[in-house]
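Written below as structure tokens is the structure these notes are about.
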Amino acid sequence: MTQKGSLKPVKKNKAEEPELEPLCCCEYIDRNGEKNHVAAFLCDCQDLDEGCERWITCKSVQPETCERIMETISDRLRIPWLRGAKKVNISIIPPLILLPIFLRVASWHFLLGVVVLTSLPVLALWYYYLTHRRKERTLFFLSLGLFSLGYMYYVFLQEVVPKGRVGPTQLALLTCGLFLILLALYRAKKNPGYLRNPASEDTSLGSNRTECLNRKGQKTKGFPGADVSGILNNRTPRDDQKGSSRLLAGSPTKAKEDWCAQCQLVRPARAWHCRICGTCVRRMDHHCVWINGCVGECNHQAFILALSIFLLTSVYGITLTLDTICRDRSVFTALFYCPGVYADYSSALSFTCVWYSAIITAGMGYIFLIQLINISYNVTEREVQQALRQKTGRRLLCGLIVDTGQYNRGFLRNWHQFSTLGTAPFQHPAEDIV
């Protein structure tokens, strides 16, 4: 028999595990696990020294060196904070600096405005394809969108409102629209419907239930044995029979398509794995760089709401601005012909911001139109791209409309299904029921 005293855990000596000293507001633990200080931002950086030396001597810098320099900068770029300096994502900084500079330079002359306003979308598309090709998440577009909203509102308050053509009611409506946009964006950035892996969702729970007794009293492995049936229950009730029949009736091709090797689960119907987010999403539509996340079953409605509110607010703000700086002209005419607008720098800056807002609004309007068409035909953007690659969809209006015919139930039923996304009950996995 073992004595009771031997069962008592041995107390560890506190002297053997010294506690780490608390960090001050300017200190942090770097990627190497060492304590560092924000004041030593450019200290002890061999890659940066080598890159500068090669640049001064007109020698080419290796891409690996540039990547290491960017990793070092992103790790050391921090702001003082309580209990240690906080890391700042480097991708949010360029819009904060470059956007005001470009817009103010574009306000100096008409030709400068044409060059700058043409180059901005080109640079944004180039950066988008660069990050999309590398499958990297970036806060650049989210920072650009939020800062554009704030800066346009700031220019409106500083340059347009003092001219006396905008009343308090109009200003209140514009401000209310801005807050509604932010609220809808906050809702759209929530969970789009990520699929969880029941086998690895709770390691502590899984370790405690590694072995369980079945009804006959034999020991079986609890969770691993329930993976197939439990994951199949992630399907919607309508697609459950189809999915399980495809998987169990001997359709290896379809079973291979439904199985996600990265997430180690069987995807429900219309779900897909996002290579940027690194997880599967229910009824995935697309990965949106403007919200730095996926648009799926749970946030698609909020995404459409944010787009609609943005378009209404932007058009209203453009109308108020053009009515102030180009009086006695219609909005469309003033947008293309506003004589004397560059004679005053305040009017020139407002006019430049109007054109910048118009470009952004046109781009968002195109996205909104595509979304409305896809919802009307009950297809997602992911399904449209897949149908175009496999040449299985029916193309209408020069490819603007792609009807796969798989889930189309008619205009009204499609919109009714979209209005109830995320509210329909679904069967919980078997692991959650146990």
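Quick reminder: no glycine exception, Cβ is built from N, Cα and C everywhere.
Annotated domain 'Palmitoyltransferase DHHC' per TrEMBL: 255-385, in sequence order.
Annotation source TrEMBL lists region 'Disordered' at 215-250.
Residues or ranges marked as transmembrane segment in TrEMBL: 111-130 (among others).
Annotated transmembrane segment per TrEMBL: 139-157 (among others), in sequence order.
Among the features that TrEMBL reports, transmembrane segment is placed at 169-186 (among others). Proximity of distant same-chain residues to the transmembrane segment (169-186), defined by a Cβ-Cβ separation under 8 Å and at least 6 residues beyond the stretch ends, is recorded for 146, 149, 153, 156, 161, 291, 302, 305-306, 309-310, 312-313, 316-317, 320.
Residues or ranges marked as transmembrane segment in TrEMBL: 302-322 (among others).
Residues of the same chain lying 6 or more positions beyond the ends of the transmembrane segment (354-373) and with a Cβ under 8 Å from any Cβ of it are 103, 113, 117, 120-121, 148, 152, 303-304, 307-308, 310-311, 314-315, 317-318, 321-322, 335, 381, 400-401. Taken from TrEMBL, the feature transmembrane segment applies to 354-373 (among others).
Per DSSP, the domain 'Palmitoyltransferase DHHC' (255-385) is made up of 76 helix, 16 strand, 39 coil.
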